[in-house]
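First up is the structure itself, then whatever we jot down about it.
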């Protein structure tokens, strides 16, 4: 069977859907940030909506990582490629940390957000991939550790692990425990659905308007991620007359 060399529109479309969900969720977060009346994004349906958005992003990253690994047989090439991409995302993540620290006056800034998580996950991906379906077991263990409450509190610099100081708060917090489990599940799903380098799923929908639109957004997901908040906040300030200060 020939190796599929192109992109998978259904994965780009899922990433595009996640981007739209993220913009919707952050709209309600920004209402709170600017003191504009609106529903609480950190409770009820909107909280679940935000969690589903993050799960979709990280899970797709795991599926995509598996596909790339399957097309790069040499381990050293895998390590170098994923290290470069992971460090790139980490640098952007650290930039977001600095910007949010400045804007939020050091309170609730992004310590270890979704870009940090995906960056570290990608660096680890060539090694995690070798777990095979045991990755599901590791994911279950991470979830068990997280939700059992056995993780102790820790200093702020350990927040990446899932241990954080008492009273800790961050507007975007996705630590390795439990969130690496989502990436591991994505790797396993990618191995299951794309192990034969197939031409992709939902082929009969690839030319549909919704698939084309969401696929395009998915291809531009990082750019949209970086610019959507400044645009949202600027529009809300102009429309409401509110101020960040």
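Residue numbering: from 1, along the chain as shown.
Glycine is no exception: its Cβ is also placed from the backbone N, Cα and C atoms.
For 7-230, the entry in TrEMBL reads domain 'Heparan-alpha-glucosaminide N-acetyltransferase catalytic'. Mean pLDDT of the predicted structure over the domain 'Heparan-alpha-glucosaminide N-acetyltransferase catalytic' (7-230): 92.
For 16-36 (among others), the entry in TrEMBL reads transmembrane segment. Here the transmembrane segment (16-36) has long-range neighbours at 42, 46, 49-50, 52-53, 56-57, 60, 171, 213-219, 221, 224-225, 228-229, 232-233, 236-237, 240, 242-244, meaning same-chain residues at least 6 beyond its ends whose C-beta is under 8 angstroms from one of its own.
The transmembrane segment annotation in TrEMBL covers 42-65 (among others).
Long-range Cβ contacts of the transmembrane segment (86-104) within its own chain (Cβ-Cβ under 8 Å, at least 6 residues beyond either end) map to 110-113, 115-116, 118-123, 125, 171-172, 222, 226, 244. Per TrEMBL, transmembrane segment is recorded for 86-104 (among others).
Summarising the annotation, TrEMBL assigns transmembrane segment to 110-128 (among others).
Residues annotated as transmembrane segment in TrEMBL: 133-156 (among others).
Non-local neighbours of the transmembrane segment (176-194) in the same chain are 8, 54-55, 58-67, 70, 117-118, 120-121, 124-125, 128-129, 131-133, 135-136, 138-140, 142-143, 145-147, 151, 160-162, 201; each lies 6+ residues outside the stretch with a CB under 8 Å from one of its CB atoms. Look at TrEMBL and you will find 176-194 (among others) tagged as transmembrane segment.
Annotation comment: TrEMBL describes 222-241 (among others) as transmembrane segment.
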